[in-house]
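Report on one structure; see the data block that follows.
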Amino acid sequence: MNLVRTAMLLAFMTALFMFVGFLIGGRGGMMIAFLIAAGMNFFSYWNSDRMVLAAYRAHEIDERNAPEFFAIVRDLARNAGLPMPKVYLYDSPQPNAFATGRNPENAAVAASTGLLQALSPEEVAGVMAHELAHIQNRDTLTMTITATLAGAISMLGNFAFFFGGNRDNNNNPLGFVGVLVAMIVAPLAAMLVQMAISRTREYSADRRGAEICGNPLWLASALGKIARGAAHVPNEDAERNPATAHMFIINPLSGERMDNLFSTHPDTENRIAALQEMAQSGMNVSTGPVRAVNPTRKSRSVPNTGRGGSQPPRGPWS
């Protein structure tokens, strides 16, 4: 189903590029736009995960510089029956995390320094289990490509303005009015592409994540802390790249509060309630607790991401 959804997104992006090309340069512009869109789609499939990680200046970590965090992800991946993903850390005081990659064999999980500082090891395990669930459900392909394409769509309005805004452009079949329409429609289309990613995937990933880590309450507690942190601590990189907001476990943008048609995430309280109900039902989970997560084990420090040459503040694992 995710492959079909991804194909539909790619087709929509191509059609939108062709439409704007038609507004700017008629049939010739439409053909040029088609070639550009085809190239972007090919590039996005193979490189969109790298682009997202680069946008947040994430640094890959291993068991040498982040042994406790790396061990948590390793044991969770084993519980889920997944290949070991690459593990990244990005420097942000806002607690949050995301997963990316076109398939389980080429996947990565990323957490903020703020996440490791604010959450206990058990809560971090719940968050990482959620992200691994996205990888296992193959949500990451759709999520990553959507982030890249939505960002490109939002640029189409500016493209039309600079290259098609000439009132005397005889190649533009709809004239200046058509360009103005494109400037309005393109950002709206970017939002609709993000809305095309069903919010039910978050509930599914929450449930599967609870099964992977072995305790729904770990993730429930983490969601509450992350939501409170995201509401008060800005993520400047996310504000500059709003098309990636739907990739995070909690929306990183300011002003995201309501569980409605225009939200990229379900309401956090609803997600927590579902996890608490799962725990109260006594439902047997498919895997046991992660062996690496033990309240008596403490990490030495939050790893240095290498940004600015400064060591992030030490967190509760210290």
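Using the three backbone atoms N, Cα and C, a Cβ is placed for every residue, glycine included.
What Swiss-Prot says about this protein:
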type	residues	note
ACT_SITE	E131	active site
BINDING	H130, H134, E202	Zn(2+) binding site
REGION	284-318	region 'Disordered'
TRANSMEM	6-26	transmembrane segment
TRANSMEM	28-48	transmembrane segment
TRANSMEM	145-165	transmembrane segment
TRANSMEM	173-193	transmembrane segment
Other CB atoms within 10 A, centred on E202 (Zn(2+) binding site): 25
Euclidean distance between Cα atoms of the residue listed as 'active site' and E202 (Zn(2+) binding site), Å: 10
Cβ-based neighbourhood (8 Å from the centroid) of the Zn(2+) site, residues H130, H134, E202 excluded: A99, E131, A133, D139, R201, S204, A205, D206, G209, I249
E202 (Zn(2+) binding site) - helix vs strand vs coil (DSSP): helix
Cβ neighbour count within 10 Å of H130 (Zn(2+) binding site): 28
Number of other Cβ atoms within 10 Å of the Cβ of E131 (active site) across all protein chains: 29
